[in-house]
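According to TrEMBL, the features are:
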DOMAIN    62-156  domain 'Stress-response A/B barrel'
DOMAIN    174-268  domain 'Stress-response A/B barrel'
Amino acid sequence: MTMLCLKAASLLSTKPFYLHFPVPKHQLNPFFSSFKPEKPYSASASRSQIRMSSSSTPPQTIEHIVLFKVKENIDPTQINTMIHSLNRLISLDSVLHLTAGALYRTKSSPIPFTHMLHSRYSSKENLSAYALHPTHVQVVKESVLPICDDIMAVDWVTGDLNGGDSLVPPSGSAIRLTFLKLKEGLGDEVKDEILGVIQGIKDTFGGIDHISCGENFSPARAKGYSIASLAVFRGLSELEAVDSDKELANLEKAKVRDYLESVMVLDYVVSSSRV
């Protein structure tokens, strides 16, 4: 479903979705505050206890997406500092993969987000350890909150990513993110149907390296979006090819359209530089 993202804003209707979310005017609550690890963070935790070997992929992977809306007229130096600081968090033991930078394109979104962070973990506990790590907390307080108007975060559990090569999208890969807000009252059977449609997208469209999708488990920070998907394409040309096949995309969209209240679709290109 969320892979309906593969169509873009037009996948859902001839008119884009415009839901209005209030932009906080006061200091934003740290988006890591909702994490409650089973054990307090310990700086002495060994890499062998937290981080898996880079040559293997866990049976299940935790996806963590954070969207940032940078304030207008912010000094570019401050934006660069934010991106640089976020990317340096890849050094934390609990992180399997992390990339942060400017969005390439917003296909459909009620909020004009400007930047994103994508990271992966082997467990929810490791995501919590990352969120509460002193270095992460410092980056958020000093480099993110002062220059951002709004922040949204979505987390989900995905299955096997087809081996270690899929765990870290290579430089130049194009990522399409899709977040779905469902109509009220839908049961688990409908959610399973939507996720099934999304998982089948890879077999329908060419150029997709892998697809990750699942139900968000951090609702307090997701602005009502409950299903998320992430499609990794080999490059922008493959992503553009999907958008150009409107007939096929509309066919996929029709399978779940009646269940949707709103859809958010954003594109991101993995940078070759890791500052």
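In case you wondered, yes, glycine gets a Cβ from its N, Cα and C as well.
Summarising model confidence by region, the domain 'Stress-response A/B barrel' (62-156) averages a pLDDT of 97. Across the domain 'Stress-response A/B barrel' (62-156), DSSP assigns 39 helix, 35 strand, 21 coil.
Secondary structure of the domain 'Stress-response A/B barrel' (174-268) per DSSP (helix as H, G, I; strand as E, B; remaining residues coil): 40 helix, 33 strand, 22 coil.
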